[in-house]
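Engineer: This structure is in structure tokens; I'll ask about it shortly.
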Amino acid sequence: MAWRRSSNKPPAALSTAVESQTGKATAVGGKYVGETGGNNATTTYQDVSGAPVEHDSPLGYSVGPVTITLLNITMMIGAGIYSTPSSILSGTGSVGVTLVYWTIGYLICLTSGAVYLEFTAYFPSRSGSEVVFLEQAYPNPKWLFPTTFAFQSVILSFGAANATVMANYLIAISGHSGTDWQIKGTAVACYTMATLVLVFNTKYAYWFSNAVGVVKICTLLFVIVTGFVVLGGNTKVENPKANFHDAWSGSSTASAYGLTTALYRITFSYGGYNNAFNVANEVKNPVRSLKIYATTALTVVYVLYMFANVAFFAAVPKDEIESSKLTIASLFFTKVFGNSGAVRGLNFLIALASFGNMIAVIIGISRRIRECGRQGVLPWTTFWVSTKPFGTPLGPYLVIWGLTMLMILAIPAGDAFTFINDLNIIPSAVFNLAMGVGIYVVRWRRKNANLPEPEFKAWNFVIIFNILIQLYLLVMPWYPPSGGQYAGDVSFWYATYAVTGVAILLACGIYYYFWAFLIPKWKGYKLRQELLSLDDGVQSNRLKKVPVVEIQEWDATHDAAGRLIGSPVEIRVQVKGIDV
């Protein structure tokens, strides 16, 4: 995220007309509105079709440097590092390539973070990250990207994978593996508890998340220190350096499918490097703060991950790591400490890490879904955007919880973790690719509109590298494993998750066509957006069905942003670098 091109160029003058009463700047390629939030950020210039800036965030401004850092770390350190090393080693074939892959994963996230940061510099007073970025990069066809992203976000908002991992570790404390329904029941209880922690107060939820983040860092540090003690030969582990004698052994046996699967597992383990971007409007001076502390969080986690892998390789033979599936941490502790009470206590700490990961994930996803609701493309707008009665996004929390319960109970426990982790790969790659290309679209549109330069601009080679990675992640899931179509890492057809991901996107596109064109034409109305203000400080778009016979009157009395013409709107527009 530190890879950037300097943007010291003074902002260009707005060459287009400015109507301060409506806060509208007509520009080449569309109409822009410039609004300032309460987070000490620069003016947000955005297409009028976007959700309005909330001048006083109804979720508060509780996200400071510590919370940014720990919110990302809490989401990154979770199920991934304690459950994926076995499948990563199986895919790469060797210890050496595995460690290289963890470094590649770090670089991928660093370049992706630069894309997120430049987008945030354009729209610093909007939370929701991808929701906002895609909305503004592709305003036409109207509501296509917001609708598609909104519905796939809702459909894929479940957190069953982390709940299942936590359940496995809690059950392992008892010394048993647990039946399918014991795992499911425990997972349901874990996720319900995580949701309840967040429902009642935003500030206290962040405090709890931060506290769990500190515990997670300390737990991983304990694993690392234990690994160094093992390498020093002061434990009962025999020949702790065996896995490092020929670190590249087995690399030649790795297949394209295995290497791709390993990369997916790596990116899953770093998932959360961008979590704080979801709460940008709750951060004071978001661009500077996110640049420093999100990058710091990612770098800290990279270093911890590398040393944690060294610890695992020091204590556990290579063949046992490959067959350990979801419990490599339990295997590590058993190898070092034996079947003692200490191992059970350490399993609890790892379960707590998964719990903290769930909390961080729910916080980020809830902000994205709420922002989708503020765009007006989801039905029952008030349900999604309101922060009553506790000052929290209760509607998104309830939907995330409900879908997670469904996924936990509906999918067989054995394949749930792998399949659910993979299900979002195709949609995520599609939208990430669109974001990478969208950076250039936004730059072009803003240049033509003579809008000011952003506070941060990513280097072109960083963006291009990110685009190439997303193309790779789109193509490679279709490459079959060397053992045949049923030789993947699940018990069913290897590309089931890829087909399902494509099907979800197609379903979203079909829904958009029916909702935005076919049904309105059939029933004789057109969709128009209007501004919705609630008494809890919420501001949102809401799409209204206007009969065709009333369209001319509606358009004459409303501006392009959906505000009544003549309504007072406080707006700041920058001309030649001067606020007016």
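Cβ from N, Cα, C; glycine included.
Bear in mind that TrEMBL entries carry predicted annotations, made automatically and left uncurated.
So TrEMBL says this about it:
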- 59-82: transmembrane segment (TRANSMEM)
- 94-117: transmembrane segment (TRANSMEM)
- 149-171: transmembrane segment (TRANSMEM)
- 183-200: transmembrane segment (TRANSMEM)
- 206-231: transmembrane segment (TRANSMEM)
- 292-316: transmembrane segment (TRANSMEM)
- 345-365: transmembrane segment (TRANSMEM)
- 394-413: transmembrane segment (TRANSMEM)
- 425-444: transmembrane segment (TRANSMEM)
- 456-479: transmembrane segment (TRANSMEM)
- 491-518: transmembrane segment (TRANSMEM)
Engineer: Looking only at residues six or more beyond either end of the transmembrane segment (394-413), which have a C-beta under 8 A from one in the stretch?
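Structural biologist: Non-local partners: 154-155, 157-160, 163-164, 180, 183-184, 187-188, 191-192, 195, 198-199, 362, 365-367, 369-370, 373, 383-388, 419-420.
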Engineer: With a cut-off of 8 Å between Cβ atoms, can you find at least three pairs linking the transmembrane segment (425-444) to the transmembrane segment (59-82)? Only pairs 6 or more residues apart in sequence count.
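Structural biologist: With fewer than 3 qualifying Cβ pairs, these stretches do not touch.
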Engineer: May I ask for the residues of the chain that lie six or more residues beyond the transmembrane segment (183-200) and have a Cβ under 8 Å from a Cβ within it?
Structural biologist: 159-160, 163-164, 166-168, 170-171, 208, 354-355, 358-359, 362-363, 366, 390, 392, 394, 397, 400-401, 404-405, 408-409, 413
Engineer: Between the transmembrane segment (94-117) and the transmembrane segment (456-479), are there three or more C-beta pairs closer than 8 Å, counting only pairs 6 or more apart along the chain?
Structural biologist: yes
Engineer: Tally Cβ pairs under 8 Å between the transmembrane segment (59-82) and each listed stretch (149-171, 206-231, 456-479, 491-518), then give the stretch with the top tally.
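Structural biologist: Between the candidates 149-171, 206-231, 456-479, 491-518, the best contact partner of the transmembrane segment (59-82) is 206-231.
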Engineer: Can you name the far-off residues of the same chain, 6+ from the ends of the transmembrane segment (491-518), with a Cβ under 8 Å from a Cβ of it?
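Structural biologist: Long-range Cβ neighbours of the transmembrane segment (491-518): 141-144, 147-148, 151-152, 155-156, 257, 414-415, 419, 422-427, 430, 477-478, 480-481, 485, 527.
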Engineer: Which residues, given as numbers and ranges, are at least 6 beyond the ends of the transmembrane segment (206-231) yet have a Cβ under 8 Å from it?
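Structural biologist: 62-63, 66-67, 70-71, 73-74, 77-78, 81, 197, 237, 240-241, 304, 307-308, 310-312, 314-315, 329, 332, 336, 346, 349-350, 352-353, 355-356, 359-360, 363.
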